[in-house]
Amino acid sequence: MAKQKLTQNQKRRIHSNNAKALDRHRRQTKKQIDWQEDMLGETQDGVVVTRYSMHADVENAQGEVFRCNLRRTLAGVVVGDLVIWRQGHEKLQGISGVIEAVKPRKNELSRPDYYDGLKVMASNIDRIIIVSAVLPALSLNIIDRYLVICETANIPPVIVLNKIDLLSAEARQEAEQQLKIYRDIGYRTLMISAETGENMEKLTALLSQGTSIFVGQSGVGKSSLVNQIMPEVNAQTAEISENSGLGQHTTTSSRLYHLPQGGDLIDSPGIREFGLWHLDADQITKGYREFRHFLGACKFRDCKHLNDPQCALREAVEQGKIHPVRFDNYHRLISSKDEAKSQRHFTM
C-alpha cells in the first residue's frame, strides 16, 4: 500500500509543533545559562566556523575554537560571519562564551526556504565554486541556475567540471566547447579530476586566495574534492545511485576550514535543487550578464523576450552576440521559476 502524502496543513502543523519544541528547549537553555557581566571577559573578534541550532563555534585570532551561545537579540548567525564575542571565565554546560554582535557582511549566499522565506547559508564569500560533473550528465541549465544566484549575490563564480577522467577524447572536446560558452562571456572555468588529480593544483591555487564555497548537485564529487584538498577532513564521498543517478547527501552541516596552502573553504551540504522562486523575472534577466547591454532596447517595456516584435535580446541571439543555449536556458528558468513558486519545493 502506497504511503499517504502529508497535506500542506499537516506539514505546517508538524513544522509549528517542531518550532515550538525548539523554542521551549531554547528558552530552557537560556534560563540555565544566564551569562552575567562578571562571568565574561573582554570583547574580542572572531569568525563563525560552524553554526548549530542554538550555538555556534567561534574561532579567535589565535586559531582556537570556542562553542558559544548567541545573545537573544541576534538572529541568523551563519558560517563566515565576523563577530564580536566574549569568553566566559569558566565553561557552563560545555559552552565557553557568548556572541555579542555580528559585523556587517560584505555579501551573503541565500536560498529560498519554504517556511522561513529567504535563508542565508553563509557570508563573506570571495568566490563560489560551481561544481559540475559529466555523470550523470553535464547540465548547462543547472550551471546557469547557479550563475544567476552568483550574479544576484554579487559573488564571483568559478565553473569547475569534475570527473573528466571518465571522458573520451571526443567527449572531452565537446565538454570544452560547452565550457567555452561561459569563458566567452568572462567566466572562469576549470576541468579537473579528483580521482586522478588532473589540474587539482590549479584548483588549490585558486582556493588559496580568500574564502570559497562549493555548490553543486549531489553526486558531482564535492566531497571527493574536499577529501583531495584536505585529506584529514572526514567528508564521506557520496556514491551515485545506479538507479536514480543522484548521490546521497553525506555532509550534514556547513563548516569553515583553513586550507594548508592558505585560504578558507566553506564546506556545505550538497544542494540538489536551488530554487529561484524568490527572484522575479527582472532579477533573473539581469542575472545573465551578457543580457545587460541590451536591456532597455526592446520596442516594448514589458517585452517577454519571446516572440515580441523588435526584441533586443532575440536580435542579439540572431546576430551571434548572445549564445542560443544561454537564451533557451533563460526561458527555461523563467518557466520553471513560476512552476517552482507554486510548489516551493527543493531539497538540501
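Cβ atoms are placed via backbone N, Cα and C, with glycine included.
Positions annotated as region 'Disordered' by Swiss-Prot: 1-32.
Annotated domain 'CP-type G' per Swiss-Prot: 106-274, in sequence order.
If you look up Swiss-Prot, you'll see ASN162, LYS163, ILE164, ASP165, GLY216, GLN217, SER218, GLY219, VAL220, GLY221, LYS222, SER223, SER224 marked as GTP binding site, on the strength of sequence analysis. In the three-state DSSP reading, ILE164 (GTP binding site) counts as helix.
Cβ neighbour count for CYS298 (Zn(2+) binding site): 19 (other Cβ atoms within 10 Å of its Cβ, all protein chains included). Residues or ranges marked as Zn(2+) binding site in Swiss-Prot (evidence: sequence analysis): CYS298, CYS303, HIS305, CYS311.
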Cα distance (Å, whole number) from HIS305 (Zn(2+) binding site) to SER218 (GTP binding site) = 33
Rounded to a whole number of Å, the separation of the Cα atoms of VAL220 (GTP binding site) and HIS305 (Zn(2+) binding site) comes to 33
Protein Cβ atoms within 10 Å of LYS222 (GTP binding site), excluding its own | 30
Per-residue pLDDT averaged over the domain 'CP-type G' (106-274), given as an integer = 83
Among CYS298, CYS303, HIS305, CYS311, these being the binding-site residues, pick the one whose CA is nearest to that of LYS222 (GTP binding site).
-> HIS305
